[in-house]
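Chemist: Below is the structure I would like to discuss, written out as structure tokens.
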Amino acid sequence: MKAWVIGLLVICAVVIAEPVESRNYIEYGAINKCAGPNPPPGCNPPGTEQKNPTPVNEYSRGCSKIHRCRRD
């Protein structure tokens with residue numbers, strides 16, 4: 001019985017230890033957080049990657065009429 005179990009374990013070890021092909025690079029999909037399920041906030045919806053993002057706020061130098069600073 002012991003010899004049978006040891007033989008079975010040896011066969012399993014040989015099958016598991018078989019060489020496996022590996023890649024030398026990481027795919028872009030593994031790095032891109034927006035491509036996976038449940039993307040974080042701020043990711044564009046699928047199909048809009050090439051479009052320019054819409055600005056959230058208009059650009060402002062920090063000057064207003066109240067401050068009387070030079071305006072463009």
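Note that the numbers count up from 1, one per residue, in the order the chain is shown.
Cβ from N, Cα, C; glycine included.
Take a look at what Swiss-Prot says about it:
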SIGNAL    1-17  signal peptide
DISULFID  Cys34-Cys43  disulfide bond
REGION    37-60  region 'Disordered'
DISULFID  Cys63-Cys69  disulfide bond
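Neighbours and distances for these, please.
Modeler: For the signal peptide (1-17), the list of distant contacts is empty: no same-chain residue at least six beyond its ends comes Cβ to Cβ under 8 Å.
The 10 Å shell around the Cβ of Cys34 (disulfide bond) contains 12 further Cβ atoms across the protein chains shown.
Following the DSSP three-state reduction, the secondary structure of Cys69 (disulfide bond) is coil.
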Chemist: Please name the residue among the disulfide-bonded residues Cys43, Cys63, Cys69 whose C-beta has the most neighbouring C-beta atoms within 10 angstroms.
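Modeler: Neighbour-count leader: Cys43.
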